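Novice: Sharing a structure here in structure tokens format.
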Amino acid sequence: MDKLLIRGGRRLAGELTIAGAKNAALPELCASLLTAEPTILRNVPKLQDVATTLKLLRHLGVQVERTEADPHTVTLDASHISSTKAPYELVKTMRASILVLGPLLARFGTATVSLPGGCAIGSRPVDQHIKGLQAMGAEIVVEHGYIEAKAPLNAQGQRRLRGARITTDMVTVTGTENLMMAAVLAEGETVLENAAQEPEIPDLAELLIAMGARIEGHGTHRIVIQGVDRLHAPAGGHRIIPDRIETGTFLCAVAAAGGDVVLRQAQARHLDAVIDKLREAGVTITTGDDWIRVQAERRPTAVSFRTSEYPAFPTDMQAQFMAVNCVAEGAAKISETIFENRFMHVNELIRLGAKIEVDGHSAMVTGVERLSGATVMATDLRASASLVIAGLVADGTTTVDRIYHLDRGYDRMEAKLRSIGADIERVSERASA
Ligand SMILES: CC(=O)N[C@H]1[C@@H](OP(=O)(O)OP(=O)(O)OC[C@H]2O[C@@H](n3ccc(=O)[nH]c3=O)[C@H](O)[C@@H]2O)O[C@H](CO)[C@@H](O)[C@@H]1O
Ligand SMILES: C=C(OP(=O)(O)O)C(=O)O
């Protein structure tokens, strides 16, 4: 198992390039199941969740091409599918595997997908995905840990979903994506009310439209889809948007450690809420069409925030911003409204000397002048990132253990941090033994 060793106290300076968005790549890789023609995706990040998704798609019979020469371009050919079952062994490590359910059911009329189960940040049910597919006429049985779904028979005796009006009980990102992918091949019109507006949804919609889908309203709370008989290859392929959470993570790293860094291939307009809060904290942020410059020359001021659906402050940035508040001047309240258990990083930050008190869904953080390096354990993806940020400012050495969580969602985070001056190295178990 790999660890990160961080010697804190270095100012960060230079430039780095932001990778493609994990949370856009995962549904878009699954969207390749919707057509018999090859789908080319560009700017695919090189990270563990993408590798897991590709493994699952290969298991289903999708031919995947990704060359060493250009690992960020992936060609997926789902012309011959060998299975419509996503087994537990492949689903258990990644909740986003549920995203094969909508496309499989829409194109093949049948799908069996393991329930993804809970995870460190909360129970994360998929009842809204199931409810939406049932509204489209699917018969769904949940048995022995699997969702077994069949589309209804139409007048021609084919199994095909029917368009429906669906209002989810809450805003769900992967739920909206799954239902949108199911609806593009359904018969008739589907209206998704209370749809998620996260930038990954319009990006997926753009890919589907390039494949021949008829979608309107993506990026709003009401998405209207007219089903078509078949989809084709997206002409020229599709380029995945930059990762707004990776971007925000580096912004927070500079805010906490101090420095002057330019992030290339970054979209500031996807990060308004985080950038506003960083400015409130005293950080200087300048933006252009595809770059963001962050300058932090003095200790930040603690700022309060509340996570919520896009365009509000993203839950996926809560842990990293908490690390900034840990070393800021003053005290601030952080409220988490999306997941019931997303404060797993708090105890580890406290091990580094942070002053945090959790009360239900809120955490009161009182900034301290210095953190002190220690061994800490990553518990989930963004918790890991917050520990790395804290390690960058802590005195002495911080060891972050269990970084397989970090590797799920970041493309060479330590290499990127090293390139802007951080003293950080990856140590594998064997090398450290
Ligand atoms: C791969 C991906 O894109 N992951 C993101 C996605 O996760 P994900 O799509 O899983 O998160 P959701 O938006 O679905 O979850 C929002 C809330 O709704 C609840 N819920 C959701 C679906 C459902 O059927 N029933 C239900 O109760 C969840 O438990 C949670 O409390 O959006 C989250 C919220 O922005 C982000 O933190 C994740 O990084
Ligand atoms: C929670 C996250 O991802 P996932 O939904 O894939 O677990 C995340 O990206 O922070």
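The backbone N, Cα and C atoms fix where each Cβ goes, and this holds for glycine too.
Here the structure is a predicted model, which means the values were calculated and not measured.
Below, the features straight out of TrEMBL:
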ACT_SITE  CYS119  active site, proton donor
BINDING   LYS22, ASN23  phosphoenolpyruvate binding site
BINDING   ARG95, ARG124, PRO125, VAL126, ASP127, GLN128, ASP316, ILE338  UDP-N-acetyl-alpha-D-glucosamine binding site
DOMAIN    7-417  domain 'Enolpyruvate transferase'
MOD_RES   CYS119  2-(S-cysteinyl)pyruvic acid O-phosphothioketal
Novice: DSSP secondary structure for GLN128 (UDP-N-acetyl-alpha-D-glucosamine binding site), reduced to helix/strand/coil, please.
Specialist: helix
Novice: Long-range neighbours only, meaning 6 or more apart in sequence with Cβ under 8 Å: which ones does GLN128 (UDP-N-acetyl-alpha-D-glucosamine binding site) have?
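Specialist: Long-range Cβ contacts: THR168, ASP169, MET170, THR172, GLY175.
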Novice: Mean pLDDT over the domain 'Enolpyruvate transferase' (7-417): what is the value?
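Specialist: The answer is 97, the mean pLDDT of the model over that range.
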Novice: At the Cα level, what's the spacing in Å between the residue listed as 'active site, proton donor' and LYS22 (phosphoenolpyruvate binding site), rounded?
Specialist: 18
Novice: Given VAL126 (UDP-N-acetyl-alpha-D-glucosamine binding site) and ASN23 (phosphoenolpyruvate binding site), what distance in Å do their CA atoms have, once rounded to a whole number?
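Specialist: Their Cα atoms are separated by 17 Å.
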Novice: Can you list which of these binding-site residues (ARG95, ARG124, PRO125, VAL126, ASP316, ILE338) have a Cβ closer than 6 Å to ligand 2?
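Specialist: If the test is a Cβ under 6 Å from any atom of ligand 2, the answer is ARG95, ASP316.
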Novice: Which residues does ILE338 (UDP-N-acetyl-alpha-D-glucosamine binding site) neighbour through Cβ under 8 Å, counting only same-chain ones at least six apart?
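Specialist: Non-local contacts for ILE338 (UDP-N-acetyl-alpha-D-glucosamine binding site): THR307, SER308, GLU309, THR315.
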Novice: Under a three-state reduction of DSSP output, how is CYS119 (active site, proton donor) classified: helix, strand, or coil?
Specialist: strand
Novice: Distance check, please: Cα of PRO125 (UDP-N-acetyl-alpha-D-glucosamine binding site) against Cα of ASN23 (phosphoenolpyruvate binding site), rounded to an integer number of angstrom.
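Specialist: Distance (Cα to Cα, whole Å): 18 Å.
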Novice: Counting across all protein chains present, how many other Cβ atoms fall within 10 Å of the Cβ of ASP316 (UDP-N-acetyl-alpha-D-glucosamine binding site)?
Specialist: 25
Novice: Just to be sure I understand the contacts, which recorded positions have a Cβ under 6 angstroms from any atom of ligand 1? Candidates are LYS22, CYS119, ARG124, ASP316.
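Specialist: ARG124, ASP316, by Cβ distance under 6 Å.
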Novice: Distance check, please: Cα of ASP316 (UDP-N-acetyl-alpha-D-glucosamine binding site) against Cα of ASN23 (phosphoenolpyruvate binding site), rounded to an integer number of angstrom.
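Specialist: With distance taken Cα to Cα, ASN23 (phosphoenolpyruvate binding site) is 11 Å from ASP316 (UDP-N-acetyl-alpha-D-glucosamine binding site).
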Novice: Would you say which of the recorded positions CYS119, VAL126 has the most Cβ atoms within 10 Å of its own Cβ?
Specialist: VAL126
Novice: About how far apart, in whole Å, are the alpha carbons (Cα) of ARG124 (UDP-N-acetyl-alpha-D-glucosamine binding site) and ASN23 (phosphoenolpyruvate binding site)?
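Specialist: Answer for this pair: 16 Å between alpha carbons.
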Novice: What are the non-local neighbours of ASN23 (phosphoenolpyruvate binding site), defined as same-chain residues 6+ apart in sequence with CB under 8 A from its CB?
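Specialist: For ASN23 (phosphoenolpyruvate binding site), the qualifying residues are ALA96, VAL173, GLU198, GLU200, ASP243, ILE245.
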